[in-house]
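Trainee: Starting off with a structure, shown below.
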Amino acid sequence: MKPIYSRIIATGGYLPERVLSNHDLAQMVETSDAWIFARTGIRTRRIVAADEKTVDLAEAAARQALADAGLGAEDLDLIVVATTTPDQIFPSTACLLQARLGNHGAPAFDIQAVCTGFIYALATADRFIRCGGTRRALVVGAESMSRIIDWTDRGTCILFGDGAGAVILGASDEPGVISTHIHADGAYADQLQVPDGETRMTMQGNAVFRMAVRTLGEMVQETLAANALDSADIDWLVPHQANIRIIQATADKLGLSMERVVTTVQHHGNTSAASVPLALDDAARRGCFQPGQRLLLEAFGGGFTWGSALLRWS
Ligand code: COA
């Protein structure tokens, strides 16, 4: 029997209208545009409106991906949403999204792996498709991070933004998704968390930074080794958009020039599970990727969790 693979057949993205600049933040906490830009590469981020929900962001991104694919909601066999900021404890954001889209009967569930959520969701949907029976999967990363930010903490409130990105994965005779790699180590839970009984995020920024740089360096090497490739075989790095210095460190380890790295962090900030699919959609719409090129997606987040996906663009 011929193996089944998955491949990305369409992307979508959505950013809320309200722009929050570094200058705006300097009116709220003791900071400056110069400090934020030098330490993170961020200039602006988007923030949800008071009545805008995570499912609204997810729906806008999903509708764009469906339109791009020329598919209707009834064509989906699976809906997976990666989010850290669901609107309700239950139903899952995926079920809320399913109702909005008008799909009935496909399995729908959320994945919670914080900033690595989209890579976890992609890895999960890829496995569903490879196993047979699932032909088309909607995979979304959607976040309203502004709802869990402590707006008095200058160490965290400058970093995050809101948004959603989506892809449609379709069954294919050829990869597509070449390999996915996901990991976690809960021993580091307290370094980046919403503490038990609280509603706002806390972070040991410097420790997280060092761990992210080290782990992502190892992650990209693991991905290359698993496929007997070296860094010259990678056409594009599509990294989690947490901090330009973390992105640069990973690109340096790969020996990849920044022209081959998709960066949206300057305008989006860190949108957690939405960051990789938003970056992917942004670059795809700008026509950056050529058919046959190899893309390396990676992310690191609370948990700690980390993961990567190697794709062939088609
Ligand atoms: N504006 C001005 N000064 C600030 C500041 C801000 N927004 N935030 C922190 N500082 C100050 C600190 O208070 C500290 O002052 P001190 O030396 O007087 O104590 C100084 O800047 C250095 O702080 P430090 O935390 O060591 O800075 P840093 O270079 O590590 O940068 C982060 C801080 C948060 C930008 C950086 O640690 C980071 O990006 N961490 C990873 C975050 C991340 O990616 N998280 C999500 C993972 S998915």
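Placed from the backbone N, Cα and C atoms, the Cβ positions cover glycine too.
All annotation found in TrEMBL is predicted automatically rather than curated by experts.
A quick note: this is a predicted structure, and the numbers were derived from the prediction, not measured.
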Trainee: Could you tell me which of the ranges 86-90, 141-145, 191-195, 241-245 is annotated in TrEMBL as region 'ACP-binding'?
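Mentor: Of the candidate stretches, TrEMBL labels 241-245 as region 'ACP-binding'.
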Trainee: Would you kindly give the Cα-Cα distance separating N270 (active site) and C115 (active site), rounded to the nearest Å?
Mentor: 8
Trainee: Measuring Cα to Cα, tell me the gap between H240 (active site) and N270 (active site) in whole angstrom.
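Mentor: Cα-Cα distance, H240 (active site) to N270 (active site): 8 Å.
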Trainee: With helix taken as DSSP H, G or I, strand as E or B and everything else coil, how many residues of the domain 'Beta-ketoacyl-[acyl-carrier-protein] synthase III C-terminal' (224-313) land in each class?
Mentor: 38 helix, 22 strand, 30 coil
Trainee: Same-chain residues six or more away whose CB lies under 8 A from the CB of N270 (active site)?
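Mentor: Those within reach of N270 (active site), by Cβ under 8 Å and sequence separation of 6 or more, are C115, M145, L159, F160, G161, H240, Q241, A242, N243.
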Trainee: Could you give me three numbers for the domain 'Beta-ketoacyl-[acyl-carrier-protein] synthase III N-terminal' (109-186), the DSSP helix, strand and coil residue counts?
Mentor: 23 helix, 32 strand, 23 coil
